[in-house]
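See structure below.
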Amino acid sequence: MIWHVQNENFILDSTRIFMKAFHLLLFDGSLIFPECILIFGLILLLMIDSTSDQKDIPWLYFISSTSLVMSITALLFRWREEPMISFSGNFQTNNFNEIFQFLILLCSTLCIPLSVEYIECTEMAITEFLLFILTATLGGMFLCGANDLITIFVAPECFSLCSYLLSGYTKKDVRSNEATTKYLLMGGASSSILVHGFSWLYGSSGGEIELQEIVNGLINTQMYNSPGISIALIFITVGIGFKLSPAPSHQWTPDVYEGSPTPVVAFLSVTSKVAASASATRIFDIPFYFSSNEWHLLLEILAILSMILGNLIAITQTSMKRMLAYSSIGQIGYVIIGIIVGDSNGGYASMITYMLFYISMNLGTFACIVSFGLRTGTDNIRDYAGLYTKDPFLALSLALCLLSLGGLPPLAGFFGKLHLFWCGWQAGLYFLVSIGLLTSVLSIYYYLKIIKLLMTGRNQEITPHVRNYRRSPLRSNNSIELSMIVCVIASTIPGISMNPIIAIAQDTLF
């Protein structure tokens, strides 16, 4: 009799949970339509892979790319709609979140054609690779729209787990295994630190998990200036710092960049920073509204360390991927300036604009590295000497992307940095902007050093890798060139395109 009653209660509880989930999906599902497209694409990939043979491989690329493009289209159609909170307060839809989701989708869309030839040459498992890319993209999109502490913790874990698997995708490579181990251990530690900070925030607010409700809870409990909030701020900053990889939370970055497959590095180098930046702006600006002076100071220290250490250590590197790893540490220091400035002086708009240009500059550079690596099998900067004599198109593309990363006019990187530094100067961050300007000049040195090698024509400096280089024709079926051309064009956009981009970015208030 007791078992019968317990069984009936279990069935009733299960039915209530199912009906509640169905109700949420029915009424709130339209607000996550772009994410649903990616989920449908994931299911379709699994179905095709389990029922087809090797001849259907092009369909896997087509489905992945189409899912991403359709998701971008759905986001664009939803632009300028009223902000909405759905799924019982777990998810928020507004222009600010959507523009970061657009950037993540753009990164993934460009990374897939960049990876095709690499996967074919290295004989990597295609379906799993595409599944991890789409799942990581999905996690990043949910992180951008996360509105409570649980979702903010679960969404990046979804992204991180896929990142660990992708970084160790070449299991026979010792460097890849080492990079994955370090990445996994440090990622697990940072997640523990982050959730510990969330627990302090949860307790101080009286048990609230939604971001805006946490602010109300802190006011009601009079805990907004308590030591507990300071402890929460420190732990959360350290946890988010792992995702952004500013100094001194950058130890995993060079090893992961060097040991992971190059298309994976290209994907992680931009998507992780975009998603973490979106999350950081909301966490610091909403729950820590009353501690703005404290988190401004913390981020200023991180920005200064990142800009100085990243650019100084990049000068000494001999590996192209390690050089870009330290360069990315310096670049995130510039992005942090926009986060500190905030919405009052156009900081978020300048950060979003620079992030858009950074995506094109960085992915364009990695597209060139993938192409060169497949034809020579080397990643050493010295082995790029004389590339212009063998493949002028590739050499010029790499040179333009590097010059744009350095911020030389009239390339896109110059105008992105100019607007970012100008907003910081207007906000009174004179010392921070001065450090940014000096380190930008410093970064030009090691970028120009590589460009000088590319353009050299002296036979004694050209290594056997370039002498035996198999040139890829300009008009070929090579999908890497598609991503490369798009990124190079976007990296060289003149300043005339800045105004409409900034106007769109300024329309992202939350």
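From the backbone N, Cα and C atoms, a Cβ is placed for every residue, glycine too.
According to Swiss-Prot, the feature transmembrane segment maps to 24-44 (among others), an assignment based on sequence analysis.
Swiss-Prot lists 57-77 (among others) with the feature transmembrane segment, giving sequence analysis as the kind of evidence.
The feature transmembrane segment is assigned by Swiss-Prot to 99-119 (among others).
Annotated transmembrane segment per Swiss-Prot: 124-144 (among others), in sequence order, evidence recorded as sequence analysis.
Beyond the ends of the transmembrane segment (149-169), by six or more residues, the same chain brings 90-91, 124, 128-129, 132-133, 135-136, 138-140, 142-143, 176-177, 179-180, 183-184, 187, 191, 194-195, 198, 201-202, 209, 211, 214, 243, 256, 259-261, 264, 267-268, 271-272, 275-276, 279, 283 to within a C-beta distance below 8 angstroms of the stretch. Among the features that Swiss-Prot reports, transmembrane segment is placed at 149-169 (among others), with the record citing sequence analysis.
Per Swiss-Prot, the feature transmembrane segment maps to 183-203 (among others); the stated evidence is sequence analysis. Same-chain neighbours of the transmembrane segment (183-203): 149, 152-153, 156-157, 160, 163-164, 167, 209, 214, 228-229, 231-243, 249, 251-252, 255-256, 287, counting only residues six or more beyond its ends whose CB sits under 8 Å from a CB of the stretch.
What Swiss-Prot records for 295-315 (among others) is transmembrane segment.
Sequence annotations record features per position, and here Swiss-Prot assigns transmembrane segment to 323-343 (among others) based on sequence analysis.
Annotation comment: Swiss-Prot describes 354-374 (among others) as transmembrane segment, evidence class sequence analysis.
For the transmembrane segment (395-415), same-chain residues at least 6 beyond its ends with a Cβ under 8 Å from one of its own Cβ atoms are 327, 331, 357-358, 360-362, 364-365, 367-369, 372, 384, 387-388, 440, 443-444, 447-448, 450-451, 454-455, 484-485, 487-488, 490-495, 497-498. Sequence annotations record features per position, and here Swiss-Prot assigns transmembrane segment to 395-415 (among others).
Swiss-Prot lists 418-438 (among others) with the feature transmembrane segment. Beyond the ends of the transmembrane segment (418-438), by six or more residues, the same chain brings 300, 303-304, 307-308, 333-334, 337-338, 340-342, 344-347, 349-351, 353-354, 407, 498, 502 to within a C-beta distance below 8 angstroms of the stretch.
Swiss-Prot lists 484-504 (among others) with the feature transmembrane segment, giving sequence analysis as the kind of evidence. Away from its own ends, the transmembrane segment (484-504) comes close to residues 99, 110, 114, 346, 349-350, 353, 356-357, 360-361, 363-364, 367-368, 371, 397, 400-401, 404, 410-415, 419 of its chain (Cβ-Cβ under 8 Å, at least six residues beyond either end).
Among residues of the same chain six or more beyond the transmembrane segment (57-77), those with a C-beta under 8 A of the stretch's C-beta atoms are 33-35, 37-38, 40-42, 44-45, 48-49, 98, 101-102, 105-106, 108-109, 112-113, 116, 126-127, 130, 133-134, 137. With a cut-off of 8 Å between Cβ atoms, the residues of this chain six or more beyond the transmembrane segment (99-119) that come close are 34, 61, 64-65, 68-69, 71-72, 75-76, 126, 129-130, 133-134, 136-137, 140-141, 144-145, 261-263, 266-267, 270-271, 274-275, 277-278, 352, 355-356, 359, 363, 366-367, 370, 374, 478-480, 482-484, 486-487, 504-505, 508.
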